[in-house]
Structure formats: structure tokens, C-alpha cells
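Read the structure below first, then the notes.
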Amino acid sequence: MNPILESFLSLLIPAVILLHLAWAPYTKVEESFNIQAVHDILVHGIPTENASEFLAQHYDHVSFPGSVPRTFSGALVLAGLSRPFVPWLSSPPQVQLLVRAILGLLNAFALLSFRRVVWKVFGKAASNWFVLFQATQFHLMFYASRTLPNMFAFAMSTFALSFYLKSLTNPNWLFSAKQLRLCFYLLTIAGIIFRSELAILLGCLVLHQLLQRVPSTGLLPFLRFVIPSGIAGAVIGLLITVPIDTFFWRTYPNPLWPEWSAFAFNTLHGHASDWGTSPFHYYFLSALPKLLMNPLTYTILIPLSVLNAATRGPCTALLAPCLSFVAIYSLLPHKEWRFIIYVVPALTACAAASAGWISTRYTKAAAYRVATWALLASVALSAAASAALLAISAQNYPGGAALVTLHNRVAVDEFFGGAPLAPRFSVHLDNLACQTGVTHFLEKGGPRLLQHASSSDDDSGKKHQRDGEWSLRADGGIDWIPYSDEEKAQKAKEEAPSSSSAERWVYDKTDDPDALLDPAFWNRFDFALMERPEKAIGKWEVVDVIYGFGGIKIVRPGEVLGTVLGGVEEGLGPRSESLRRLVLGVDERKTGWVWGALEDWVREKVMRGWWVGVRMEPKIRILKRLPVV
């Protein structure tokens, strides 16, 4: 193979993952536990004495525990891998990007390892198609760097399935058994620590191999490596998660296994259905097509991989347990595509095997040439669709955008007309802002968090509040600088002078309904990020509006796409809020006219006046409290 092409394909998946990260750098509430946990570990460190009190005072999960405990294992790994690179960064938001980039690259490495096995089993052409199909699947590329428990488990499950695929074609029984043991180890550990649904996938793989191997080798030799690998994986997983999470969740002397707690709460007690239910066919008719993206993969290529004798054996051994896992998991009423994302590499490998078989026969008949070009066209269209989805999805994080906008506007003194800045700014963050991008990494001047009615209690019943700020050290550490006793005593007045020339920021996430109806509560804040500004009691000025994705609308011939930059509350956003703004970003002054001219030309000459309008809606208003006259 051309070394330039090989280098391009090898770098394509990690590059696409990092592109998705750079274009959509903020996080949502589903990712918040792990990203906040990494922050707390990096900033505050791991206490060696008075641990319970220290964690209650400084760690986010004590104040906001969620419905079930989650493991700190993944956050510890990310924090440890991130720390050596911190000296090269200049701000906490860059640390958040670093943490996510490391997770994304871990998942990219897992996919590339799987690609190497595809090369050995199905050939070079199939491995190349695997990269092209995988890199143009939007959901996997977009979420590979997101700190969901599923994406920690995804790396381990992908490595496990690569060992499983490697075991299928090796005639050496001992080598094959060793690969299966590694597969079962990894899936068991990942299921114990991160996601319990992997136990179903593990069971399906074991059952399939049982049916395949026992007739030729007997039951006893099979059980000799299956049972020890399962027991060893379970012991290793429990030895990792139970001590770590018992410590961080402060349950000692009672041991804590978070994934069992989550399984019991969601599945055994039925609380998962509180988040909605879907019909049995959802995974097969909606989720899998969405995940695979390219329609040719699931309508033609995967069925062909089973019908074709050249690929039937390993593809059947991959598809049977993976699709059985999806079918069994479909029995649960609550469904989300991320629960079955682990099977995507296996299904993509089968599609790639068929594509490789077709493309290697390019010179043999016209039908193969047409099919190869059709496959290339489908990849290009999938890439275009993924790019559009990325541009749109990046607009779903108004909370992060609003907080960064507020910090930037205060930094250039837009609000105070050159008057001396206050020593401290207080900001109330409403529920939508907290769910769509606000993290401690984005907080400026120090992650101090006011608590109202939801302050955390330690075992003595004493209230604790996060109170301090952080700074990056040259040696790679992050120092937590607590406020002095004098400052803490005066926090109610929020007048304490800063220990440096930089302003201090105070962030409040109170969501208690009674507190939000108290006028005195609102008097504490200089700014508020609000979805519903009318709920802020007192005199406030809307100083900025953060727009977010509001849907797609087909624009008819003659219909105006939008007006030039103006406040638009409903309907189509202003022209700069149309699709070209999503692609180019906020600043269109240098290149926006080029895209605008191309957009107008394509709409007029090619689409006959029809176009796809992206409806942008106001999501969060940045409020500044007005002085009482």
C-alpha cells in the first residue's frame, strides 16, 4: 500500500475524533459526573487524612450525588494520564479539552487495534473500508471523547472483541483459547466496573463459542478456560472498583459496588423506565441504522457478509452473539443507543469485509466497478451528513457558551464602563445552563460553589461549602488555594478582598424552589444565566442571548432565510445563525461572504430556491443585575 495513504488511514479515526472534540468542546449533564470527578482529583488531590471531611468540603459528587453512585475508576485513570501534560496548558478549560482528548485517543487506539485484526482476518482492503466506515459514523466519533461510562467501557469492549475476532480464524486451539480468555477477562472487568449490560454481551459470546467448540473439543476443556477467566475478571474488577468507590463515596465500613447499585436501581427496581420507554424494535430499526450511518452497510453489506462463503465464518461468529445481545437487551423497556454502542465495531467489520471483497474484484467485471464507486459515494455522503450533524450538535451546549461569553465580556470591561471592577462577581446558574456545558473547568478565578438549601452535610451534620480557587503549577500540579477564615466569615456579604489583582467569581447552582422565590436570594448575584429570565426576581438587564439549535425547517422558494444580525425570538434565526454560521463559527467577517455567496448560488441554481434552514432559538439569557435607585 502507498505509505502516504496508509498514514492517512491510520490517522483518520483519531483526527476525526479530535475534530469533533474541538468543534463541540462543551459537555452535557450525562458526562458531568466523570468530568467533575477528574477536575476534583486534579485540583484537590486525594486526601490521606480526614478524608470524609475533605471530600465533603471539596468534591462535587458529595453535593450533587445523582440518583445512583458512579465509579471513580475511569476518572482516576484520566486524571493520572492528564497530569503530566498540564504544564503545557495555560487555562483550566484547556485541561478539560486535554482530559477529553485522552479518552478520545484511547478509544481511537482501540478501534485501530480492531482494524489490525480486521486486516489479518479479512485482508487489507477490508481494513481500509473499516476505517472509512468508522470515521464517517457520527455518533461514535462525536461521543468517543465524552466522559460517559459507556465510552470508558467501549475501549475495553473493543479490545475484547478484537481478541475474540482473532481467535476465530487461528487453527491453533491453545492460541485461540488464549485470545478468548483475554476477551472474557476484559468484558468481565468492564462490566463489573463500568457498565453491567456487558454481562449480556459476554454471555452471548460464551454461549456461541460453547455451541461451536464443545462438539469438537468437549465441554470440559472449554469450561477450563471460560470459568477461570470469568472468575479472575470478576475478582480483578471488584478489587479495583470496591476499594476506590468505597473511599470516594465515604461508605466505609460498608463496601460499595457502584455498578451493582446502578443495576439494582435501574433494572431490578424498574426506575430506568422513569426516563422513558421504547418499543422492542427500537434498537434494530432506529438505533443501529443511526449508529452505522451509512445505509449500504446494514442493507447490503452486512447481509452479504453472511451470504458470501468467503466471509461467512468469521462474520457469522461476530454477528450472531452481537445481534443476540441487542435482541436480549431490547426486552428492557428503557432504551438508549449508547447501551448497544459496543457492537458497532463488530458490525462495521462485517460490512467492511463485504466491501473489501467487492473492491478487490474491481477489475474483474463492470458490476464490481459500479459497486465500488457506489460504496465510495456512500462514504462521501455519510461524511457530509456527519459534518452537518456535528455543526448542528455543537449548538446544543448553550450553558458552556453562555459562561464563556460572560467571562469574556467582563474581561474586556463591557459592563462597567471603565469603573473599578468589583473584587468578586456572583453568578447564578440555572438548571439548563448546568445541564448544557457548565463545568468546574470553565469556572474562572476558582471553582467556589455557593450552596443554599442544598448544602452538603458531613457525618456531624455540619454544613460545608466549596470555597477557594486554583492555579496551574509549573511542575504539572494544580494548586487549590482556600480562602482565609476572614474571607469565609464575610462570604454572606460577598465583599471579601482578593488576595491578588484578579477578580474572584462565585457560582451558585441552587435549584430549590423555595429559595428561588425569595427576593433576598437574588440580591446576592451580579449576573444570572437564565432560560426563563422572568424567574429572576429584582431588576435585571438582558445583556446577551445565547442561541441554540431549535430544529430544521425546509425553506421554500422566495422565503427569506433570515435577517441580518438581529434579535430573533422564534422561527428561523438571523442569516448569521443559519447553517453557514454553524460551519464557520461566530465570526464571519473574513470568510462568511464566501460561504454566503456559495449558499445563495447553490440555493438559486441547483436547488431552485429550496433550502434547508437551521432554526436557532434563544436558549439562555445573560442577565446583569441593575443597581437599586
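All positions are counted from 1 along the displayed chain.
From the backbone N, Cα and C atoms, a Cβ is placed for every residue, glycine too.
Just so you know, TrEMBL annotations never went through curation; they're auto-generated.
What TrEMBL says about this one:
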TRANSMEM  7-26  transmembrane segment
TRANSMEM  97-114  transmembrane segment
TRANSMEM  151-170  transmembrane segment
TRANSMEM  182-210  transmembrane segment
TRANSMEM  222-242  transmembrane segment
TRANSMEM  291-310  transmembrane segment
TRANSMEM  316-332  transmembrane segment
TRANSMEM  339-358  transmembrane segment
TRANSMEM  370-392  transmembrane segment
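The highest tally of CB pairs under 8 A with the transmembrane segment (222-242), across 7-26, 151-170, 182-210, 291-310, is held by 182-210. Contact between the transmembrane segment (370-392) and the transmembrane segment (291-310) is present: at least three CB pairs lie under 8 Å, with pairs separated by 6 or more positions in sequence. Counting Cβ pairs closer than 8 Å to the transmembrane segment (339-358), the top stretch among 7-26, 151-170, 182-210, 291-310, 316-332 is 291-310.
Among 7-26, 151-170, 316-332, 151-170 has the largest number of CB pairs under 8 A with the transmembrane segment (182-210).
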